[in-house]
Amino acid sequence: MTYHPKSDFIAVMMERGFLADCTDYQGLDEALMKGCQPGYIGFDATAKSLHVGSLIQIMMLRWLQKTGHKPITLMGGGTTKVGDPSFRADERPLLTPAQIDDNIAGIRKVFAAYIDYDSGAENAALMLNNEEWLDDLNYLDFLRDIGRHFSVNRMLSFESVKSRLDREQSLSFLEFNYMILQAYDFMELNRRYGCILQMGGSDQWGNIVNGIDLTRRVIDHEVYGLTSPLLTTSDGKKMGKSQDGAVWLNPDMRSPYEFWQFWRNTTDADVGRFLKLYTELPVGECDRLGALAGSEINAAKVILANEVTALCHGAEAAATAEATAREVFEKGGIGDDLPTLTLGAADLPASIVQLIVKTGLAKSGKEAKRLIAEDGARLNDAPLTDAGMMIEAGDLAAPIKLSAGKKRHALVQLG
């Protein structure tokens with residue numbers, strides 16, 4: 001990218017690695033230079049919490065506000081009833097209105113940690129729900145006034161739809177309507193709130209472009225789209241998942257200690273990149289920390305874990321998590337003679353059952369499986385529920401703790 005931005009927001013997005021594409025860099029840049037501008041990201045309410053995979057979008061909204069603009073978090077109370085088919089292999093299960101409302105209430109909690117809604121400042125954020133304008137739409141009027149602006153040929157060409165059809169997997173008419181509804185959201189946000197920017201992951205490119213085209217055609221306003229990369233770790237894993245499931249942002253679904261441990265276990269090659277994306281440390285410091293090697297990189301991982309946890313759960317929770325980890329892993333707080341199993345690369349992948357036996361926490365594979373089935377086994381203090389879990393080298397970027405009951409523990413590390 002050779003474009004040299006004038007606005008602080010685009011400069012930050014480029015410098016820290018948030019940008020995958022933009023519909024019009026110069027046009028958006030010039031619009032942002034004119035003063036406080038609203039920009040939004042939509043979040044469908046498919047679960048009671050967002051997970052780490054959504055954190056890059058939340059950080060984009062945070063930077064939008066920090067550079068003087070107005071973030072809008074749009075809750076998909078309406079679109080969740082349809083389901084986004086983008087790059088999904090199957091149709092999402094439909095949720096009831098009560099389930100959607102419960103999910104929105106859960107998701108709402110995390111945003112306040114990152115974005116200011118209550119200061120009364122010009123750039124104070126808005127939280128909106130698209131059911132406000134979608135629930136009362138008249139279907140025939142919508143087809144006549146909005147549907148006529150969409151080409152089915154073009155919609156079929158979008159990669160998010162094309163990939164599904166190429167695999168000969170069903171795409172329901174309900175899901176096919178999702179991109180029209182999301183486009184309508186952008187137009188309504190522009191009409192009601194002057195919103196000029198929609199952001200999202202690169203899988204949302206087609207939906208964003210549809211919204212821009214619809215807004216131009218119907219109300220003749222210029223709006224813009226900006227996408228972030230779909231993030232994977234250096235070993236190709238999808239961001240937001242760990243060996244024991246999704247890394248949720250709400251503390252009642254993933255404890256701050258487990259959240260801290262997820263970041264502490266970052267692969268060496270990802271440290272610098274994640275510091276730029278998920279913290280507010282200066283870029284030069286992120287580069288310096290990311291370039292550390294050997295045992296020194298572990299100090300950078302602790303900084304990463306502390307910074308991200310402090311943003312999400314507060315500085316006190318981050319400090320407590322670090323102290324707990326140090327007590328367990330460094331000071332032997334659960335016994336100075338904590339047994340440690342050191343594995344070589346040739347030993348991996350290894351089954352969790354095999355590791356429980358090798359660490360002496362169970363005498364046999366049968367006993368280890370029974371321990372898991374009876375909720376007596378834990379991995380990094382989280383319940384172990386899958387006896388078929390495999391541990392790979394990437395999972396051992398930092399030592400992991402296995403527990404049997406409350407008093408028997410062991411460490412597994414990569415030698």
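Numbers here mean position along the shown chain, with the first residue as 1.
Glycine is treated like the rest: Cβ placed from N, Cα and C.
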Swiss-Prot annotation of motif ''HIGH' region' - which of the ranges 15-24, 45-54, 375-384 it falls on: 45-54
Need the matching range: Swiss-Prot marks motif ''KMSKS' region' on one of 88-92, 188-192, 238-242, 263-267, and I'd like to know which. 238-242
Check the DSSP secondary structure of Gln182 (L-tyrosine binding site), expressed as helix, strand or coil. helix
